[in-house]
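Trainee: As listed in Swiss-Prot for this protein:
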| type | residues | note |
| --- | --- | --- |
| DOMAIN | 25-199 | domain 'EngB-type G' |
| BINDING | 33-40, 60-64, 78-81, 145-148, 178-180 | GTP binding site |
| BINDING | 40, 62 | Mg(2+) binding site |
């Protein structure tokens, strides 16, 4: 297994939808989560870069698909945050369409990291993301973020509860706790990404450009 240097991750581009993304080759691992789940903080902690992914003070600001390259043909994808109450309904629907389309049609997408606040896990949209991924044979890592907000016993109880709940999806779904503040769970995240990037088959360029 290759240990990638995530500190070398750099921003490639932003796209409003799947049609504007670069060619569907290599391996992509996407990060998804509700607008306040700590997605940007997790990406910044993973790569040890303070501002790789912009942490917005206004949840719901990240409306684009953001691509980052870790190494040649190995990319991390920051998907638009979902479920923020103050975003207009029309925009919410647009994002959900873009998310669904990306998860179902992007062949190079081979792993999905779903981030949830450990205090409020498995909301409807979180479950929908996991369901979409499992239906598309995409491996899932659930990160229960802001784990430092709970005492050790409560943290363990939440972890066990979510691990039990995801069995119902009948897919490759792993659950771990994570804290950007305390750097907790970062090694497990890196190990999982290394495994995915090492063991999964990169998508090659096709003649018709699909």
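Glycine residues also receive a Cβ, built from the backbone N, Cα and C atoms like all the rest.
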Trainee: Check residue 33 (GTP binding site) against DSSP and tell me helix, strand or coil, would you?
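Mentor: The three-state answer is strand.
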Trainee: When you measure from the Cβ of residue 64 (GTP binding site), which residues in the chain that are at least 6 apart have a Cβ under 8 Å away?
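Mentor: Looking at Cβ-Cβ distances below 8 Å from residue 64 (GTP binding site), excluding near sequence neighbours, one finds 14, 15, 16, 80.
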Trainee: Within a 10 Å radius around the Cβ, which one of these binding-site residues has the most neighbouring Cβ atoms: 39, 146?
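Mentor: The largest 10 Å Cβ neighbour count belongs to 39.
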Trainee: If you count Cβ atoms within 10 Å of each one, which of the binding-site residues 36, 40 comes out on top?
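Mentor: That would be 40, with the highest Cβ count within 10 Å.
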Trainee: Count the Cβ atoms, other than its own, that fall within 10 Å of the Cβ of residue 80 (GTP binding site), considering every protein chain shown.
Mentor: 25
Trainee: Test of understanding: give the count of other CB atoms lying within 10 angstroms of the CB of residue 178 (GTP binding site).
Mentor: 28
Trainee: How many Å separate the Cα atoms of residue 40 (Mg(2+) binding site) and residue 146 (GTP binding site)?
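Mentor: For residue 40 (Mg(2+) binding site) versus residue 146 (GTP binding site), the Cα atoms are 13 Å apart.
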Trainee: Across all the protein chains here, work out how many other Cβ atoms are within 10 Å of the Cβ of residue 33 (GTP binding site).
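Mentor: A count of 26.
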